[in-house]
Amino acid sequence: MLDVNNFEYMNIGLASPDKIRSWSFGEVKKPETINYRTLKPEKDGLFCERIFGPTKDWECHCGKYKRVRYKGVVCDRCGVEVTRAKVRRERMGHIELAAPVSHIWYFKGIPSRMGLVLDMSPRALEEVIYFASYVVTDPANTPLEKKQLLSEKEYRAYLDKYGNKFQASMGAEAINKLLQDIDLVKEVDMLKEELKTSQGQRRTRAIKRLEVLEAFRNSGNKPSWMILDVLPVIPPELRPMVQLDGGRFATSDLNDLYRRVINRNNRLKRLLDLGAPSIIVQNEKRMLQEAVDALIDNGRRGRPVTGPGNRPLKSLSHMLKGKQGRFRQNLLGKRVDYSGRSVIVVGPHLKMYQCGLPKEMALELFKPFVMKELVEKGLAHNIKSAKRKIERVQPEVWDVLESVIKEHPVLLNRAPTLHRLGIQAFEPTLVEGRAIRLHPLVCTAYNADFDGDQMAVHVPLSAEAQAEARILMLAAQNILNPKDGKPVVTPSQDMVLGNYYLTLERAGAVGEGMVFKNTDEALLAYQNGYVHLHTRVAVAANSLKNVTFTEEQRSKLLITTVGKLVFNEILPESFPYMNEPTKSNIEEKTPDRFFLDKGADVKAVIAEQPINAPFKKGILGKIIAEIFKRFHITETSKMLDRMKNLGFRYSTKAGITVGVSDIVVLDDKQEILEEAQSKVDNVLKQFRRGLITEEERYERVISIWSSAKDVIQGKLMKSLDEVNPIYMMSDSGARGNASNFTQLAGMRGLMANPAGRIIELPIKSSFREGLTVLEYFISTHGARKGLADTALKTADSGYLTRRLVDVAQDVIIRETDCGTDRGILAKPLKEGTEIIERLEERLIGRFARKQIKHPETGAVLINENELIDEDKALEIVEAGIEEVWIRSAFTCNTPHGVCKRCYGRNLATGTDVEVGEAVGIIAAQSIGEPGTQLTMRTFHTGGVAGDDITQGLPRIQELFEARNPKGQATISEIDGTIAEINEVRDKQQEIVVQGAVETRSYTAPYNSRLKVAEGDQITRGQVLTEGSIDPKELLKVTDLTTVQEYLLHEVQKVYRMQGVEIGDKHVEVMVRQMLRKVRVIDAGDTDVLPGTLLDIHQFTEANKKVLLEGNRPATGRPVLLGITKASLETDSFLSAASFQETTRVLTDAAIKGKRDELLGLKENVIIGKLVPAGTGMMNYRKVKPVSNVQPTEDMVPAE
């Protein structure tokens, strides 16, 4: 057998008849499968053991030779070779066809490849192949033309007239003759001449033909191989036949299809031997052609062949296609051993890097390890008895299991895995019961909750896999979210509430103004009821371990609360003492106003001080981010565990809970509603008098009720007590918001109907009062729409992620520096006047393209190719610089990837990105994962027609697929001035742009809003009317940079409007993939073909070559492809075929004789190699793990 895992590349091509025969181990002559009595394969049939190998290991068909000692012997009685039965998975057979047939992929595809080679229409081809017309194959010296079609009648007439002077025939034989007559070199030269003169349709056709003919010429495939003389039969184990319980057989559809081919082939042979009339023979040949078509691609032409119950049979093509096909089901979706799944429950006692694994599950998963250990410890004599011990669950097994799982990480995964944090490593601890215990802080990353979610466990087996899991995937290492570099493990719900309650301050609480010598004394007083957690007290500053106090502060008393003393115990000693939720307190030091001299009147000072806000969810997030920045991963994960414990403990102690009595109903609600109602009546009066239109009336009613609800909401919030549990939950960010509260205690407000239009009848009741039947009915609309939307959105968003991953899967960091001298100009992203993304956000973690100097002092702030970190970015912004040249993935020169400098910092680790990081997949996941949070709706603004702006998910799809947007804007194609704006017929507006050389006029629909006025100076690509620009148009008019910036800006706009932050670099990686291709306009002296799509790198290489020889380079224009199109245009045919349109991709690749260099991740997964990213890259492959080595001095890197 060939070494399956070690090859450099993979080729695909057409198989010649000789090639097919060389694969084969024998000819299948009979349609029989197995003998119904003996259940053994029939000789020469579809399962024949002589051709395909024995059905049982080391045993021939007749039983003369049994056992392995006869290995390689061919039985003299039955002719079966004695070998392993698994050869039946790889040995092929063949069928010698009595008449040639055409391969349906090449004849039926779009465009028809056979048609292009022969310059015949697919209609004509079909008539010939299916025996409806004759085609002239050799006109000799008659007036007929080669490739001319003749009907039966015409053929007879010409035969009478010219006799045997000319030759015409039908079927695939005729096509085969024509294909063999083609002289590729001559045809290609003729077409190249034709291209120089022709225009329009003829030119397009010529380009298409040239492409196919060149492909044949360069690949070494012969056109006549598109016609099959011999048909390969795939190995029987790949089209199995199994016996069911009832004694019946279930078989693969392929066997039926093969059987039809063999039957028709044998009948045709018999008819030819008998010398049957030509009409019968022709009919049989046509049926054979149809049988082969059905086998290769059933249903491509005519009605599909059906099995029992009118179900179309699955042909060879269907075996590859779609989600259930070979590619996506078996090659990219393999199931793995050593895995299990169970329900998850919360494990609040766990450390960040731990998970609880049920005992029985762990025993099953680690069985082989336990067996080995049992034997090594002498508790079992051999593997068999060890296995028996485990199956009987004897007591000593548990001790061994404990020692085996120690420091052996497992992977936990929750479906759907939307980003890389959906699968993380943990150290297992054994737990009773049957549920997996999950650490509460990783729930955000998994998007898990404990209402019945299930998770899967996988065991990394090899030492390398364990090391990778521990170093790269351990939950304690994955604190930052790859999409924006912010911590993903912020506390939530109970934990937030506990810490909020702990840090509350209350004026006049019990024991206010007491002075303590240290924390312990304060806690003692709290436990004995002398002070409360919320009491403001004073503590000697020098008793606290905090290092950040200044000398002056140390000598004084610190004013704080007992709760804050407890809270600060969990922070590192060199972190400022947190006394108020402000940026300066987190980043610099505790403000001086909290310190007072010893001997001062503490109570009086405290009474004058304002109350400080407690620590809400956002502040906790900022504290975590700051700790991560200063102390790095290990310290952060320890601190997070402490914060979690504190939160749970104090939310339990606080006993915060919700009762009906906590929902306080507003007293003057009725008056507000009556006032609103009278305003609505007024509006109605105006409408009835014809003073306002229906549309205006509707708008006004809606706005009256909305403002009434706002008034109620405002009053409610004011009337709430600080310690009201509902208020605390919403204020702390634990659960709920002001709107939820308004619905509970105020009014539910306006609802939308199923079409998304707001119903003008508001729900005046609140949940506390109860809804009337009508109100209840109205609110069901909204609820149902919400659920339906969510279901649709999930599928849409998942499909978007799949396309994004597919287009960017081969983008890997391949080198340190590509040496480019280009970059992009980073400015703040604005929408109108509102800043969507600040300049410093765009700069952090990027490399500077040019040296940046302070505009006033001239001091160098940052050098060329230097990393801009948080502090440097702040310096740049504070210096008043508004735009900065930075390195970007847009301008990176690395083929098949990006370089470290152009990419910048890895957001997930906060450090430089490593060579080998799969940044393409990370980018795709970062954009796709928040997809479910985006809205589905198209917003209707004020009912102005033609003004529906697409937002949310549909807009993202529109941008990445480069579709013509809804509500398209008109853009100017030239620089110039707006000369005039006129109204023309049909209420349209005409905008005349006067340039230096030419004048252009644009018409815009009557109701579109203009963005320009007469006399304005405009540049090419500028918008004239409101709406979204079509990026393809923009590319025609302007340059690459403009389009890149536009796409980046638009994508960011959609996400930021929904409150989702995504790093620019992710969008850059995706947009770069969409702009990778160039359409060749003029080939110059290169050997590229005009009209073809080429990768930018291939294009520049080809040009470099001719320029060095002093010849004319090719010219091309960049093309913007949508992500689906871009993934199908990738260089790797394996990746493209496993994505969509499998047959088209493979047909094309086979004709071109494509070679897949296996550069991306997908191709390597498909063929079962390690992916060429991360530790799978060539330079890491040489690293071998060594077990149990004691570390020495020289192993430890210097700090």
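Every residue number used here counts from 1 along the chain in the order it is shown.
Quick reminder: no glycine exception, Cβ is built from N, Cα and C everywhere.
A 10 Å cutoff on Cβ-Cβ distances gives CYS62 (Zn(2+) 1 binding site) a total of 14 other Cβ atoms nearby, all chains included. Annotated Zn(2+) 1 binding site per Swiss-Prot: CYS60, CYS62, CYS75, CYS78, in sequence order, evidence recorded as sequence analysis.
Neighbour list (ASP451 (Mg(2+) binding site), Cβ cut-off 8 Å, at least 6 residues apart, same chain): empty. Look at Swiss-Prot and you will find ASP449, ASP451, ASP453 tagged as Mg(2+) binding site, backed by sequence analysis.
Annotated Zn(2+) 2 binding site per Swiss-Prot: CYS818, CYS892, CYS899, CYS902, in sequence order. Within the same chain, the residues at least 6 positions away from CYS902 (Zn(2+) 2 binding site) whose Cβ sits under 8 Å from its Cβ are CYS818, THR820, PHE847, ARG887, SER888, ALA889, THR891, CYS892, THR894, listed in sequence order.
Within 10 Å of the C-beta of ASP449 (Mg(2+) binding site) we count 11 further C-beta atoms, all protein chains included. Residue with the densest Cβ environment among the binding-site residues CYS818, CYS899: CYS899, by other Cβ atoms within 10 Å. In the three-state DSSP scheme, CYS902 (Zn(2+) 2 binding site) falls into the helix class.
For CYS78 (Zn(2+) 1 binding site), the nearest of the binding-site residues by C-alpha distance turns out to be ASP453; the candidates were ASP449, ASP453, CYS899. Separation of the C-alpha atoms of CYS60 (Zn(2+) 1 binding site) and ASP453 (Mg(2+) binding site): 52 Å, rounded to the nearest whole number. The distance from the Cα of CYS899 (Zn(2+) 2 binding site) to the Cα of ASP449 (Mg(2+) binding site) comes to 39 Å. With the fewest other C-beta atoms within 10 Å around its C-beta, CYS75 stands out among the binding-site residues CYS60, CYS75. Least packed by the Cβ count within 10 Å, out of the binding-site residues CYS78, CYS892, is CYS78. Around ASP453 (Mg(2+) binding site), taking its Cβ as the centre, 17 other Cβ atoms fall within 10 Å, counting all chains.
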